[in-house]
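Taken from TrEMBL, the feature domain 'Era-type G' applies to 4-170. The annotation region 'G1' is assigned in TrEMBL to 12-19. Among the features that TrEMBL reports, GTP binding site is placed at 12-19, 59-63, 120-123. According to TrEMBL, the feature region 'G2' maps to 38-42. According to TrEMBL, the feature region 'G3' maps to 59-62. Summarising the annotation, TrEMBL assigns region 'G4' to 120-123. According to TrEMBL, the domain 'KH type-2' annotation covers 201-277.
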Amino acid sequence: MNHKAGFVNIIGNPNVGKSTLMNAFVGEKLSIITSKAQTTRHRILGIVNGDDFQVVLSDTPGIIKPAYELQESMMGFVKSAFEDADVLIYMVEIGEQELKDEAFFNKITSSKIPVLLLLNKIDKSNQEQLETQVQVWAEKVPNAEIFPISALEGFNVKEVFGRIIDLLPESPAFYPKDQLTDKPERFFINETIREKILLHYKKEIPYAVEIETEEFFEEEEIIRIRAVIMVERETQKGIIIGHKGSALKRVGVEARKDLEAFFGKQIHLETYVKVNKNWRSNQQQLRRFGYNN
Ligand SMILES: Nc1nc2c(ncn2[C@@H]2O[C@H](COP(=O)(O)OP(=O)(O)OP(=O)(O)O)[C@@H](O)[C@H]2O)c(=O)[nH]1
Ligand SMILES: [Mg+2]
């Protein structure tokens, strides 16, 4: 039996549904999803295994013009996704017109590897709008095959996966067949907490936050976790904690529920807040948090 394997890297503007699609392919919540832009900060692998194939998907941060070091590093992950792809997935959402980065866009249109352009969120459109959009994108990216999809509702997701398998080169697997991702448990703890911060705090707060799991201690019945929520300034610390600690408590309760589902075990989660001055612009801190590429 011939075996196929390869890297399928998902890129596109912020908030178009890249993480939703990767989770749909993998069938697990590997990437956090929120309605805010820049939810994803890392390149996260999601591996789909079959007897005769291994699809190594990469979810990446949405393409933006970087304004500080953290964002530079996020765009470094996007760049790396161009370099090792066997199939490139370029995701756009219905109604999207402008491309936020010309250099990346030129890379897509001049790509020598197959490009699948996924026109996402078609559950929000009608037939006429859809047809117009397909036309527009066919002209803009003539080297791509276009698939209208709804990552959220699963429309056309199976068909896209079938096409990916067609396009993959013959190759042995790159990872053990029972492996789902390249990220360690602590990464998913950090991300689960960060998701709650994105959901419950406004404006700049979520973007100034980084999470670090300091302790992960697994006992027979329970996993004990201590995580620190880092902010850039003292004023942000007060906002995270909230009146009598109520805001922080809500984050803890919701994150714990999700983590119990993720690990299938009882969780004891302790969180506290610490100021890590201007960490987003500090190379050494960024390296420590895994933004080195
Ligand atoms: N209506 C609709 N909403 C969708 C669909 N796919 C994703 N969304 C929503 O779009 C928002 C962004 O989804 P994400 O998957 O986080 O988008 P992303 O491209 O990974 O975003 P970044 O990581 O910030 O770049 C969320 O509110 C999703 O629920 C879809 O097919 N239809
Ligand atoms: Mg994302």
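We number each residue from 1, going along the chain as drawn.
Yeah, the Cβs are placed from backbone N, Cα and C, and that goes for glycine too.
Residues from the binding-site residues list (N15, K18, T60, I63, I122) with a C-beta closer than 6 Å to any atom of ligand 1: N15, K18. According to DSSP, the domain 'KH type-2' (201-277) comprises 33 helix, 29 strand, 15 coil.
Ligand 2 lies under 6 Å from the Cβ of the following binding-site residues, listed in sequence order from G12, N15, K18, T60, I63, I122: K18. In sequence order, K18, G62, I63, Y90, M91, V92 constitute the residues six or more apart from G12 (GTP binding site) in its chain with CB-CB distances below 8 Å. Once Cβ contacts within 10 Å are tallied over all protein chains shown, the binding-site residues I63, I122 are led by I122. Annotation for N15 (GTP binding site): spatial neighbours S35, K36, A37, T39, G62, E93, criterion Cβ-Cβ under 8 Å with sequence separation of six or more.
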